[in-house]
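Here is what TrEMBL says about this protein:
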- 12-31: transmembrane segment (TRANSMEM)
- 37-55: transmembrane segment (TRANSMEM)
- 101-120: transmembrane segment (TRANSMEM)
- 126-142: transmembrane segment (TRANSMEM)
- 149-168: transmembrane segment (TRANSMEM)
- 174-195: transmembrane segment (TRANSMEM)
- 207-229: transmembrane segment (TRANSMEM)
Amino acid sequence: MRGYINRSEVKTFSIFGITLLAIAVLCYQGKLSIGNISSLPLFIFLLLMLAANNLEIPIKTVRTKKIKNISNNAQILEQLFSVPVLKELETRKELVFNTKLTLNLGGFVIPASMIIYLLFTQFNVAAIEIFLVMLVATVLLAEMVNGVGIVVPDYIGLISVPMALILAPENVAYVIFVSSISGILIGTVISFFTIDREKNGSAYINFGGVGSFKAVYIITLIAGLMSYFN
């Protein structure tokens with residue numbers, strides 16, 4: 001667990017909770033699905049993603065630069081991203097971070113598992129085409145924020161919506177979900193390898209967590225709701 005909940009996060013997660021209640025009703029009525037994932041499993045996945053958004057699975061440790069002026073902006077970064085930047089700066093090493101790379105359970109592992117299942121049970125060419133667009137968009141728009149990690153715009157997944165409506169109107173929810181989530185997750189991983197570790201750094205880089213969980217969850221909710229109109 002890395003992040004904590006501040007006032008802005010309370011508002012965001014309240015909106016997620018209210019949306020999830022509406023989705024619960026529609027799932028109970030059997031009106032939502034994403035590909036072969038029917039209403040009940042879909043709701044369980046959405047609930048688990050939200051509940052597990054603060055659980056991180058460590059995968060590797062690397063060295064990155066500890067920028068001197070991070071402490072000057074620490075309080076602002078804590079408010080914006082809900083991470084304990086000041087606490088993470090309190091390490092023995094003054095010049096470098098021993099950066100922990102982690103996979104977020106709710107924002108990476110669970111949605112990635114859903115995508116793998118969907119691709120094996122219901123392959124769709126349009127989803128792959130739009131995924132490539134989302135991948136490029138994520139790599140271009142992702143930003144390494146010192147002290148926080150890799151950050152992508154919360155609503156980046158919306159790029160896939162009009163393309164899915166044009167290329168796969170009969171399977172919009174599936175295409176939006178697979179293309180957007182895979183594009184965001186793989187895009188953030190690629191972005192990590194483009195970082196200049198001699199000039200940028202953070203105590204943690206959370207794939208699917210801080211900096212990208214909201215983008216992943218928002219487009220997952222949208223994909224689920226879009227299935228109502230199919």
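Cβ from N, Cα, C; glycine included.
Ranked by the number of CB pairs under 8 Å to the transmembrane segment (37-55), the listed stretches 12-31, 174-195, 207-229 are led by 12-31. Through the fold, the transmembrane segment (101-120) approaches residues 2, 34-37, 45, 48-62, 174, 177-178, 181-182, 185, 192, 204-209, 212-213, 216-217, 220 of its own chain, all at least 6 residues removed from its boundaries and within a Cβ separation under 8 Å.
Same-chain residues lying 6 or more positions outside the transmembrane segment (126-142) and placing a CB less than 8 Å from one of its CB atoms are 150-153, 156-157, 159-160, 163-164, 167-168, 171, 174-175, 178-180, 182-184, 186-188, 190-191, 194. Same-chain neighbours of the transmembrane segment (149-168): 81, 124, 126-127, 129-130, 133-134, 137-138, 141-143, 174-176, 179-181, 183-184, 187-188, 191-192, 195, 202, 204-207, 209-212, 214-216, 218-219, 222, 226, counting only residues six or more beyond its ends whose CB sits under 8 Å from a CB of the stretch.
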